[in-house]
Each structure stands twice: as structure tokens, then as C-alpha cells.
């Protein structure tokens with residue numbers, strides 16, 4: 001075999017092997033509408049990141065991997081009052097393959113942080129949580145954090161990837177951003193909440209007046 005060809009084939013094989021390994025080790029999160037991520041989280045806060053520190057693994061079964069501890073300044077809590085009053089630190093895996101999230105610790109940039117509260121009271125955040133720079137949120141998303149999203153936690157939001165796509169239960173909303181815009185976090189994710197009505201059915205709400213006054217058809221988000 002030609003030496004150059006042999007070298008090229010070896011390089012391609014090595015690149016493919018590395019790519020497959022990275023794919024295997026990569027963090028994987030199922031797509032979820034922001035409302036669903038808020039509902040699934042134990043804690044939702046607005047905060048600045050003051051500093052970060054790498055924490056070595058311990059013998060504690062809850063902390064067997066290297067972690068990053070972010071010191072935060074909590075600005076507002078939207079969810080989690082019954083368990084915590086003021087959050088000073090949040091933890092995330094050091095490795096991105098374990099869904100660790102990298103935040104800017106400059107005490108300037110504000111974030112919306114969602115996460116889980118561990119048995120020892122520590123707050124865990126990762127890439128599968130809904131974590132966004134505060135300034136990147138739409139007006140509707142910010143307003144929905146106060147109550148609107150949580151009003152719809154009894155609803156089911158189903159992602160539509162292809163047609164036909166239809167509801168299977170009365171309390172279901174169809175998330176159609178992918179069908180319409182070919183991206184998950186499009187107009188519907190940024191401007192709509194799925195709210196349960198008095199008759200038990202759920203429908204997309206655009207924002208503005210109280211939910212019972214304005215609902216939109218599920219097929220036209």
C-alpha cells in the first residue's frame with residue numbers, strides 16, 4: 001500500500017475512534033420545554049456567580065467525582081422556598097462528560113439557575129437543567145417564572161418531531177418548534193406556557209392578560 005495512503009487511512013481511523021469515544025463519553029440530555037425543566041427542578045433562582053473552586057472527590061457516595069463549587073449571590077428565588085431560604089453555593093460536575101456546566105464567575109453576569117437539592121442540602125446544577133444568562137431570557141419567560149410556568153406543572157408537554165403529531169390526553173400541549181423552525185428552542189419555547197384550565201384541559205398561553213382570558217389553539221402555538 002502507498003505509504004501516504006496508509007498514513008491517511010490511519011489518521012482517519014484514529015479520528016473516527018476519538019470521535020466515537022467523545023460521543024460515548026458526552027453528556028446527553030433529552031429535549032425539554034423550559035416550563036418542563038422549571039417544573040422538574042427543586043430550585044429556581046436568579047443569581048450572580050462570585051467565584052469558583054474545584055472540590056476534590058470524597059468517600060461520600062454523593063460526591064465521588066471532582067466538582068466545581070460556585071459561590072453565588074442570590075438575587076431572587078422563584079422555587080424552593082420550602083427547603084432553602086438563601087443559596088450561597090451551587091455544585092456541578094467538573095467534567096463536561098458528566099454534564100458539568102461552566103459559568104462565568106465574574107460577579108457581573110446574572111443567570112437563571114435551576115437544579116436539584118441533595119439530601120445534604122447542597123444544590124446540584126448540570127447541563128440538563130435549564131440554565132440561561134438572565135439577559136437572554138425573553139420578557140415572557142421572565143414573567144412566567146413568577147407563577148405561570150408552575151400553574152402548568154400538571155400539564156404534559158410533548159415534543160413534535162414529525163407529522164402527524166396529535167395530543168393523546170386532554171392535559172397535553174404539543175411543542176412544535178422543531179416542526180416549524182427546525183430548532184427546539186424557538187418562538188414557542190421563548191413566548192408560551194402550557195397552562196391547565198378550569199376544566200382540566202391544557203392549552204398554550206401567549207402571555208399578557210390573566211391565563212383564563214387568552215388561550216390559543218394547540219395546533220397554532
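Keep in mind that glycine also has a Cβ here, set from the backbone N, Cα and C atoms.
What TrEMBL lists as signal peptide is 1-26.
Positions annotated as disulfide bond by TrEMBL: 27-99 (among others). Within 10 Å of the Cβ of residue 99 (disulfide bond) there are 18 other Cβ atoms, across all protein chains.
Residue counts of the domain 'NTR' (27-153) by helix, strand and coil are 26 helix, 43 strand, 58 coil (DSSP-based). The domain 'NTR' annotation in TrEMBL covers 27-153.
The Cβ of residue 27 (disulfide bond) lies under 8 Å from the Cβ of 96, 97, 98, 99, 100, 126, 127, 128, each of these being in the same chain and 6 or more residues away along the sequence. The Zn(2+) binding site annotation in TrEMBL covers 27.
In sequence order, 99, 127, 128 are the residues near residue 29 (disulfide bond), counting only same-chain partners six or more apart with C-beta under 8 A. The disulfide bond annotation in TrEMBL covers 29-128 (among others).
The annotation disulfide bond is assigned in TrEMBL to 39-153 (among others). Sequence-distant contacts of residue 153 (disulfide bond), defined as residues of its own chain at least six apart whose C-beta falls under 8 angstroms from its C-beta, comprise 39.
Counting every protein chain shown, the number of other Cβ atoms lying within 10 Å of the Cβ of residue 202 (disulfide bond) is 23. Sequence annotations record features per position, and here TrEMBL assigns disulfide bond to 155-202 (among others).
For 160-165 (among others), the entry in TrEMBL reads disulfide bond. Residue 165 (disulfide bond) is surrounded by 15 other CB atoms, counting those within 10 A of its CB over all protein chains shown.
According to TrEMBL, the disulfide bond annotation covers 173-194 (among others).
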Cα-to-Cα gap, residue 155 (disulfide bond) vs residue 173 (disulfide bond), nearest whole Å: 7
Cα within 10 Å of residue 202 (disulfide bond) - qualifying disulfide-bonded residues among 160, 165, 173, 194: 173, 194
The one of 128, 194 whose CB sees the fewest other CB atoms within 10 Å, among these disulfide-bonded residues: 128
